[in-house]
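Annotation source TrEMBL lists transmembrane segment at B:21-42, B:111-134, B:146-173, B:193-212, B:251-273, B:293-319. The feature domain 'ABC transmembrane type-1' is assigned by TrEMBL to B:107-312.
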Amino acid sequence: MNVTSILRAVRRLPISGKVGLVLVLFWIAIAAIGPFIAPYPPGSFANEEVFAGSSGQFWLGSDFLGRDVLSRLLSGARFTVGLSAVAVTIAVCIGTGFALMAAVGPRWVDELLSRAMDTLISIPSKIFALVLVAAFGSSLVLLTLIIAITYVPGNFRIARSLAVGLVRLDYVEVARARGEGRLHLALVEVLPNMIKPLFADIGLRFVFIVLLLSGLSFLGLGLQPPDADLGSLVRENTSGLAEGALAIIAPAVAIASLTVGVNLLIDAATQGKAR
Amino acid sequence: MSAASPASPWRGPLTLIAKRVGMAFVTLVLVSAVIFTISGLLPGDAAQEVLGQGATPEQIAALRHEMGLDRPALLRYLEWLKGIASGDPGDSLVANMPVADIISERLPNTLVLAGLTTLFAVPIAFLIGIWSAVTRGRSADRALNLMTLAMVALPEFLVATIAVLVFSVKLLWLPSITIVPQDPTLGEFLRAYAMPVLVLGVGVIAQLGRMIRAAIIAELDRPYVEMARLKGVSPRRLIFRHVLPNAVGPIVNAMALSLSYLFGGAIIVETIFSYPGLASLMVNAVTSRDMPLLQACAMLFCATYLLLVLIADTVAILANPRLRQG
């Protein structure tokens with residue numbers, strides 16, 4: 001994968017895919033530099049007017065306490081994108097790790113893991129997350145872990161079916177006959193060939209995670225003040241809903257542009273392969 | 001159905017269905033163990049929670065004994081399971097009322113909301129799924145694909161916010177919170193439910209529509225469709241008489257999945273519109289750490305989900321004539 005081949009792949013994306021890519025890159029950039037380009041500190045009461053509309057000084061108006069919405073959005077995006085990225089990484093590492101164990105390990109390991117994951121997958125994810133939050137609370141670290149664990153079973157299921165399919169192939173049999181250990185089989189023979197199809201699942205799971213995190217924060221069960229992700233911003237400003245305040249629409253649209261962007265990108269990328 | 005006679009063609013499917021029922025039951029028991037274990041892992045337990053920070057260790061020990069929290073976990077689990085199964089999951093820690101009473105007051109509301117959303121969303125999802133499957137690859141399909149792709153990724157509170165802005169704030173058509181009056185007229189009833197159903201329906205329509213499209217397209221690639229086309233079967237007859245009956249299995253499965261998605265959406269939608277349903281009750285139970293209530297709600301959602309999947313499996317088995325040969 002060098003720069004030119006990536007550029008060529010990008011140029012071949014349909015327009016929807018390019019839009020998705022731009023949105024995704026935009027939000028990654030905002031997550032990286034957002035707090036540094038914010039015009040005001042996110043906690044400062046910059047505007048005397050609450051729920052002010054857009055103006056030259058306050059591009060996205062002010063929130064229910066008169067704070068600058070743009071500044072709060074720029075620092076909230078970091079939590080939403082960053083926390084979701086960490087959570088999806090944890091979920092995929094655990095899920096795919098277990099999947100590889102199930103695929104190359106002895107039969108009883110596969111049986112045990114598959115049974116356990118089948119059980120967890122029959123608990124709807126939002127319900128599961130609510131039970132976990134009720135039991136453990138939602139500090140930053142625990143919240144990330146809870147969201148990650150919620151999406152482990154889904155990733156396990158996809159990764160296991162990919163890995164089991166690969167393990168049956170001749171080249172893995174040959175490696176096994178060569179006397180390679182299970183760790184080698186899993187990491188050197190099977191994993192590299194799963195990466196591409198796994199990417200679509202990772203993207204999809206990232207979307208689910210962003211939605212779950214914002215949903216929990218919207219319910220007041222996610223990130224706790226003074227930290228605020230985009231979902232918390234929507235929650236804070238619900239009192240402005242009746243007047244159609246920008247303070248509630250802006251963060252909601254921000255979340256949607258991130259999730260829709262990822263979805264468009266995955267769709268375009270996977271369709272290109274099928275053609 | 002006289003299913004018991006050995007020669008019956010229904011024998012194969014019935015054994016399969018019996019197996020599925022057994023599996024669903026085992027899964028439900030395992031799920032109950034997971035939920036009980038997680039919610040029992042609290043750093044401080046319910047006694048601590050009830051007495052608050054100022055309680056002395058002796059008071060806590062006494063209440064723990066009174067609540068039976070000092071007995072072995074397995075024993076407590078079995079008693080809890082017995083309670084849940086017999087419809088009496090104990091008392092709420094916060095409301096001092098039997099959990100069963102609280103739930104039976106809220107459950108009908110959520111069932112009405114879910115039922116109305118299903119009635120609204122499923123026909124539209126079929127329309128979208130069939131339409132984009134028959135126009136596969138052409139501009140109508142591409143437009144629908146982009147539309148549903150965006151719709152699945154929208155957070156419910158954005159759809160709700162936009163709906164409130166349009167229908168309550170700008171047009172002044174609908175109330176922004178859902179209050180169903182006593183003995184509503186049909187008009188009042190529809191007005192009260194229009195927005196929650198619309199918001200909840202968006203996700204279901206998108207998800208189900210996409211899965212129906214996939215199920216139909218998988219059938220369209222099969223040789224019998226080619227055969228039917230060559231025979232001169234009209235496109236409409238092809239879809240409704242040939243393809244749809246064969247796609248029943250995956251489609252009912254998709255319906256079960258997207259209806260379970262509806263529960264997740266209901267958590268947000270009921271909260272936004274201050275609708276007194278089971279999902280917002282569960283959110284309150286999390287906030288107040290009312291474990292008996294939370295456990296009961298979680299079990300109810302999981303049981304419903306498993307039941308939906310079981311029904312879908314059963315329909316798929318019964319609809320598959322190959323299993324009926326006996």
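The backbone N, Cα and C atoms fix where each Cβ goes, glycine too.
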Contacting positions for the transmembrane segment (B:251-273) when only residues 6+ beyond its ends and CB under 8 Å are counted: 110, 113-114, 117-118, 121-122, 125, 155-157, 160, 176-178, 195-196, 199-200, 203-204, 207-208, 211-212, 215, 244, 279-280, 282-283, 301, 304-305, 308-309, 311-313, 315-316, 319
Chain residues outside the transmembrane segment (B:111-134) and at least six past its termini with a C-beta under 8 angstroms from it: 140-141, 144-145, 148, 193, 196-198, 200-201, 204-205, 207-213, 215-217, 220, 235, 239, 255, 258-259, 262-263, 266, 269-270, 275, 277
Region pair the transmembrane segment (B:293-319) / the transmembrane segment (B:146-173), three or more CB pairs under 8 Å: no
